[in-house]
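Take a look at the structure set out below.
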Amino acid sequence: MGSVVSYFGQPCGQEKKKEEERHLRANDRPFNLSYHYANNAIKTSKYNIFTFLPLNLFEQFRRLANAYFLFLFILQLIPQISSLSWFTTAVPLILVLSITAVKDASDDINRHKSDKQVNNRKVDVLIDGELRNEKWMNVQVGDIIKLENNQFVTADLLLLSSSEPLNLVYVETAELDGETNLKVKQALTVTGDMGDSIDELAGFTGEVRCEPPNNRLDKFKGTLTVNGRTYALDNDKVLLRGCTLRNTEWCFGLVIFGGPDTKLMQNSGKTTFKRTSIDHLMNVLVLCIFGFLASMCTVMAISNAIWEVREGSVFTAFLPREPGVDAALSSFLSFWSYVIVLNTVVPISLYVSVEIIRLGNSFYIDWDRKMYYPKNDTPAQARTTTLNEELGQIKYIFSDKTGTLTQNIMTFNRCSINGKGYGELFDFSGQRVEITENTDKVNFLWNHLADPKFIFHDHSLVETVRAGNPEAQAFFRLLALCHTVMPEEKKEGELNYQAQSPDEGALVTAARNFGFVFRSRTPETITVVEMGKQVTYELLAVLDFNNVRKRMSVIVCSPEGKLTLYCKGADTIIYERLHPSCNKLMKVTTDHLNEYAGDGLRTLVLAYKDLDEDYMDDWKKRHHEASTAMEGREERLDELYEEIEKDLQLLGATAVEDKLQDGVPQTIEQLAKADIKIWVLTGDKQETAENIGYSCNMLREEMKDVFIVAANTAEGVKEELQNARRKMCPEAPEEASVIKARAGLFWCQKTETVQDEKVDGDYGLVINGHSLAFALEKDLQLELLRTACMCQTVICCRVTPLQKAQVVQLVKRYKQAVTLAIGDGANDVSMIKAAHIGVGISGQEGMQAVLSSDFSFAQFRYLQRLLLVHGRWSYLRMCKFLRYFFYKNFTFTFVHFWYAFFCGFSAQTVYDEWFITLYNLVYTALPVLGMSLFDQDVNDRWSFRYPQLYSPGQLNLYFNKKAFVRCMIHSCYSSLILFFIPWAAMYDTVRDDGKDIADYQSFALLAQTCLLVVVNIQLCLDTHYWTAVNQFFVWGSLAAYFAITFTMYSNGMFLIFTSAFPFIGTARNSLNQPNVWLTIFLTSLLCTLPVVAFRFILIQLRPTINDKMRHKVRKEALPAPAPRRLPTRRISTRRSGYAFSHSQGYGDLVTSRRFLLKKPLKSRLALFTQTDSPLAENQPQHYRTIAEEPEEAQSP
């Protein structure tokens, strides 16, 4: 019963109380079911077979336009009102509703399939003392389940025990945060001691009290009570649904949250229906048009009443009124009749055409081979078809870092040893050679323990090491000894390193390939294979890394008894501790470091010191006393570390590349030229984010300043933000000026806008998580927004998923600009949903962001094509379509208005009824669709060459209220010409044979023919890019008009359907007269000439950026595809610090015996000295060289 309730929601009439605390008991289903917790089934679909039709129709008729056309259809069924047949509205309405319903049904069927596939996965559940294989959907809160290696985590679990030493498990969180590095979790000792004993696990009755379901991926608070004792629970004891178990044979977990309550699903949230700014504008315009229509109909009704009183009585002799109809009632009926006749100002075909155009432009994105990533077989995908034109209006981009800008792969790129740089290649003239995939690689076959995946191109370094150069060998010996990496060797020679930061793993792997292989470790020793010879060093001390020290040291004793301290760390920190004899070498190394930092590499400086045995004995005693002191332990240890880490000898420096995705810097440069501001919102540390900022060209050396906001108090944050703002714009007022206005349908929506403030030069802003938390509070929001929006680049570090969404919402609320969020993990979902447009990076293992996104592709670099080409074209096409569509329909309708003055305001139509039915559906549908699907001002290469072409979309220049009013004025002029020229030309006119031609039917034919010719000429003037399809549609629609007209006005049609086709013979009688064709020519000329003249003058006096560019394109040859250029090296004094993803506390672990308590064959390390301690400061990232599992290799 509980599963039924949780799947379909609470029974009717019962409101579910908001959960304040979760209380559950292991292995006690009745107790847990009494709380009505959700089970593990998920449901993302909206309809079922019974609710589809009523719910879908209800949703569709909530659209103002659909409801309006339904109302019109009902009016047309009343004979006293309708002067048009019911099918003129019914056929298009049914068509629109059907197409939308089929699309919605297809989407929902796919959601049902996805739900079913996930809910029917199998997992082992402990029920009644035995393991049973159950479906995921049947798992309940409080169940104990068993997971095996490479299985998805079924629900949010409390880790109880595992196969690994110290109850560790390794999980991959790609589905949650896009990172493919392993994270480590650890069970409590009290539960870990149960191991895999089914009897003990079945008898476990621990009670958990914890926080209610929420979307915070990085936090968990709770307690576990076992045998009367209470233990604290935190995020490191919990496995989240969406993770994958790796390198762990098995583990047992207790289900805390299931299905919709899991953090993965809580982050998914409800899908909000996104509408474009053009949609919102159209709603307002349609409302204005309704008002305009009502006013026109009111004028017609009043005029009808006056006419009936003054003139109507004259006609009653041969046109008698119906019984009971007087002038007042006639006026009332004519109002509704004109609502029907003039309804073409808002035709239903507008909405059909808009959907078709959006669908077509979505297919262009899906089919674009230049956005296809062959490595993963991943095409770009427009997952939403309603937002295309908004891609051409983006002003702010919010991007994740890991997995979005970077590949999260570290590679040992270059190094400086004893003043000589290695890693770059030069030709005979001394010019730097670009390294490509075809460049000759170093052959490491001489080293049978080398990692086959390691790539290096500079042969001279291998030659130097193999020649026995003492400095080079000491350099790699340091890299092999000074770290906290743990090795795992399943097969002889196949080493797998578990490192808590990927850059540390890259350095140890580099040492391994250059002949210094870190093979194994115990708490007291490190075994290294040095140039084929196994050497075991005694590990005397590990001087651990922390955020203040920014360095790490080890003290080792060689087999010969030589004592050495090896140290690696940030250059500024190491340089302060070098012996004066190193000054000359330090200057050369500094030049190399500047080069490396200029190329965006992460650098470390390496140094060593030989120690005296007597001094070391004394230091060890003092170290022992300090480490066991009850008070001032940290300070005393720091003093000892400072004492021994001085007078170091410089060895050199390393440069590790945090590999960016291909084309990221160029993409960011292009987007910046298009005046798009990029904000990076990342969970990484500040140093990492800054480093990537420089690598990506977001932060540049030529920027006037890069402001760092890192205060720990609200006052401090405010002061730092204000100081930055005053420096950028000294004359800006202290208080933000907020412009309040009203917008939206019925002007109900209140808007607050903070205007952009002009700044001279480019600035950057870096703000960390705790400062951002203060800045997002209500009284500091505007200060943050003002300062951040003055900067070209903003980087927010240590940001939670909720803060990401809050930053996006802040900009949306006060900037009235279009925003785009791009990410690849579940931690980006809230941001993706908050932005106007969400983009997911697909092709990685984490697909949660893609599932919530509007567009997806495999590489960040495709974003520039999505925006600068597809987005810009979509916006231009949609604006051009709307301008033309309103023009042709207002022109069509206004002719009726002028005709009313000549037909006694009787709601008689000026055109043939069949022409009215087919005008929007057949005669003008295809030409405007052809223009809206194929038109482009310049091609894609020119769009890339001049990103400034993008800016009109950001300012919404091509379709706005002014453009709409201009359309109306243009239509009004055209309709006057189209009515009065044919009217004057036909008035009292005779045929060549002297017969009369001035009848209603001939005038109607002439007026509609002139209209069709004029709107087609206008379309030709608006089209910039002609294709065979456009030509076919334009000429084909004119040919279709004449063919259908001659057919419908033929004798045969009249004889078959006498009442439906009354215009017998009109076409052949009128269109064979020269004066009719002359009238068509004159009308077309008078409608077209002023437009051509006006545009000519406008281009001469006030050309737009598109006009200038088209002029340029006609003069210049097509630009060649951008060549691959060698990355320009920037001169930089800024260098990256040490081990940015490193955490404090790992030094103690490698000297702890406890990780050897279980399974001595395995040499994987526990990451804690105290089994119940939380993971220090942040979750570690694990670097793996995957030799034994090629199918799990990371995708770049």
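Using N, Cα and C of the backbone, Cβ positions are placed for all residues, glycine too.
Feature annotation from TrEMBL assigns domain 'P-type ATPase N-terminal' to 25-89. The transmembrane segment feature in TrEMBL is assigned to 84-102, 284-307, 327-352, 881-902, 914-934, 963-983, 1003-1021, 1033-1064, 1076-1098. Sequence annotations record features per position, and here TrEMBL assigns ATP binding site to Asp400, Lys401, Thr402, Glu504, Phe545, Lys568, Arg602, Thr682, Gly683, Asp684, Arg798, Lys804, Asn827, Asp828. As annotated by TrEMBL, domain 'P-type ATPase C-terminal' applies to 850-1104. Per TrEMBL, the feature region 'Disordered' maps to 1172-1196. Annotation source TrEMBL lists compositional bias 'Polar residues' at 1172-1182.
Secondary structure by DSSP for the domain 'P-type ATPase N-terminal' (25-89): 31 helix, 1 strand, 33 coil. Against the transmembrane segment (881-902), stretch 963-983 shows more Cβ pairs under 8 Å than any other of 914-934, 963-983, 1003-1021, 1076-1098. Contact between the transmembrane segment (84-102) and the transmembrane segment (327-352) is supported by 3 or more Cβ pairs under 8 Å, counting only residues 6 or more apart in sequence. Annotation: stretch 1003-1021 has the most Cβ pairs under 8 Å to the transmembrane segment (914-934), among 284-307, 327-352, 963-983, 1003-1021, 1076-1098. Panel annotation: around the transmembrane segment (1003-1021), residues 884, 887-888, 891-892, 895, 910-912, 915, 919, 923-924, 927-928, 931, 974, 978-979, 981-983, 985-986, 1034, 1037-1038, 1041, 1045, 1049, 1063, 1066-1067, 1070-1071, 1076, 1079-1080, 1083-1084, 1087-1088, 1091-1092, 1095 of the same chain, lying at least six beyond its termini, place a Cβ under 8 Å from a Cβ of the stretch. Counting other C-beta atoms within 10 Å of each candidate's C-beta, the binding-site residues Arg602, Arg798 are led by Arg602. Counting every protein chain shown, the number of other Cβ atoms lying within 10 Å of the Cβ of Asn827 (ATP binding site) is 31. Listed stretches 284-307, 327-352, 1076-1098 were compared with the transmembrane segment (963-983); the greatest number of C-beta pairs under 8 angstroms is found for 1076-1098.
Within the same chain, residues 64-65, 68, 327-328, 330-332, 334-336, 338-339, 342-343, 345-346, 743-746, 897, 900-901, 904-907, 961, 964 sit at least 6 positions outside the transmembrane segment (284-307) and bring their C-beta atoms closer than 8 Å to a C-beta of that stretch. Every protein chain considered, the tally of other Cβ atoms within 10 Å of the Cβ of Asp400 (ATP binding site) stands at 29. Of the listed binding-site residues Phe545, Gly683, the Cβ environment within 10 Å is emptiest of other Cβ atoms at Phe545.
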